[in-house]
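Quick notes on the structure that follows.
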Amino acid sequence: MARNRMGGALICSFCNKPESSERFVVPGPGGIAICDRCVDLCESYIKSYKTVRPVDRSGAIPTPQELKEYLDEYVIGQEQAKRVLSVAVYNHYKRIMNPPLENDVVIEKSNVLLLGPTGSGKTLLAKTLAQKMQVPFAIADATTLTEAGYVGEDVENILLKLIQNANGDIKEAEMGIIFIDEIDKISRKSENVSITRDVSGEGVQQALLKIIEGTSASVPPQGGRKHPNQDMLKIDTTNILFICGGAFVGLDKIVEARISTKPIGFGAEVKKLSEKNLTELYDQVSPDDLVKFGLIPELIGRIPIKVALNELTKEDLTRILVEPKNAIIKQFQATFKLDNVDLHFDKDAITAIAQQAIDQNTGARGLRSIVEKLMLDAMFEAPSIKGRKELIINKKMIGNSSSKPKIKLLDEKTA
């Protein structure tokens, strides 16, 4: 029993010691009680055994080859980008798990810059790597960020997203990965210093520089702007990996202007911009090119690894629809299966969907919206039709509002 019959004092059910001036005992249901000291012991026990980092110091970090193999299951194409990212992530966590001793060489962070068109897989690559490493992951849109004191999001709000995705565990968040999308949109308006404030350009780059290189940041727990006397969350960004991505429209012309030279001698040829692959040009990007584009030199120096992504071809988009573990068509087939519908896509239909994404210039990002629009009526009708059903998608239905997919009932007896 929790209560001593003789003295009437509560007794802790765990340590069997009575309530006193130095021991507070809280009664619970069923005659159970616990003292404040046992509560403290339980809290210490939970904290000591709680797993805050799936990646531990035992050295069991996935190798670059294992990371790439995992990426291959979810991401089609972009072989060079996969290899570069796999090595960068491996080296980053290897560096964390082996902190330098006194007088040791200090290894700097391997932050990554991804250059590639919209829908080429930049976000998916970063997200899939974080999934494999089992670390918190956050996506930030650079276009929403503004310099402190102006309308918009503070840079620190990026860190708040990471903390929230780590369920409030600061230590776990400090091992996470942040993907900053559309980093090219915060380029300063010109190479010359302007007399007017560039609140969403160079000022944001300066603010990003601090958290990317590693600092102890103060984050408002509820988001928004900082206020005096407000309690702040403290987070060290030293071990957070930053992957930045952008389309960098116009950067190819800057690179072309630098590498193009006048022909020397008879028969000399100069490869024109129209004849060069965009990825081929991005592979030759130098820090000076990025400075001319509008990024500040200090920020470029903190993102040492740069890799170009290929523009996805129709063949790539066709494979994306059917091959990955979570391929879009596989997802829709599983969804329709729950309503007892067998969904099939003709090969020509899949190719037509890929071509439509190319025509719309949306890349892989636009594939899902195309299929969603195509399947809307069928998804609306399927739950109301009883029995085993079939739905076949052919080429004529793609982009043709007059030829909509229709569900066929296979077993009339069950209808």
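Cβ coordinates are placed from backbone N, Cα and C, and glycine is handled just like the others.
According to Swiss-Prot, the feature Zn(2+) binding site maps to CYS12, CYS15, CYS35, CYS38. What Swiss-Prot lists as ATP binding site is PRO117, THR118, GLY119, SER120, GLY121, LYS122, THR123, LEU124. Per Swiss-Prot, domain 'ClpX-type ZB' is recorded for 1-54, and the stated evidence type is sequence analysis.
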>> Around the ATP site formed by PRO117, THR118, GLY119, SER120, GLY121, LYS122, THR123, LEU124, which additional residues qualify by having Cβ within 8 Å of the site's Cβ center?
In response: GLY116, GLY245, LEU309, LEU312, GLY363, ALA364, ARG365
>> Other than CYS12, CYS15, CYS35, CYS38 themselves, what residues in this chain have Cβ atoms within 8 Å of the centroid of the Zn(2+) site's Cβ atoms?
In response: SER13, PHE14, ASN16, LYS17, ARG23, VAL25, ALA33, ILE34, ASP36, ARG37, VAL39
>> In the three-state scheme derived from DSSP, which category covers PRO117 (ATP binding site)?
In response: coil
>> I need the least crowded one of these binding-site residues (CYS12, CYS15, CYS35, CYS38, LEU124), counting other C-beta atoms within 10 angstroms of each C-beta.
In response: CYS15
> Which of SER120, THR123 (the binding-site residues) has the most other Cβ atoms within 10 Å?
Replying inline: SER120
>> Let me spell it out: for each of the binding-site residues (PRO117, GLY121), count the other Cβ atoms within 10 Å of that residue's Cβ, using every protein chain shown. Which one has the most?
In response: GLY121
>> Mean pLDDT for the domain 'ClpX-type ZB' (1-54), rounded to an integer?
In response: 71
>> I'd like the Cβ neighbour count for LYS122 (ATP binding site), meaning other Cβ atoms within 10 Å of its Cβ, all protein chains included.
In response: 26
> Looking at the binding-site residues PRO117, GLY119, LYS122, which has the shortest Cα distance to CYS35 (Zn(2+) binding site)?
Replying inline: LYS122
>> Counting only residues 6+ away in sequence within the same chain, which have a CB under 8 Å from the CB of GLY119 (ATP binding site)?
In response: LEU312, ALA357, THR362, GLY363, ALA364, ARG365, GLY366
>> Can you tell me the CA-to-CA distance separating THR123 (ATP binding site) and CYS12 (Zn(2+) binding site), as a whole number of Å?
In response: 53
> When the Cα-Cα distance from CYS15 (Zn(2+) binding site) is computed for each of the binding-site residues PRO117, SER120, GLY121, LYS122, LEU124, which gives the smallest value?
Replying inline: LEU124
> C-alpha of THR118 (ATP binding site) to C-alpha of CYS38 (Zn(2+) binding site): distance in Å?
Replying inline: 56
> How would DSSP class THR123 (ATP binding site) in three states?
Replying inline: helix
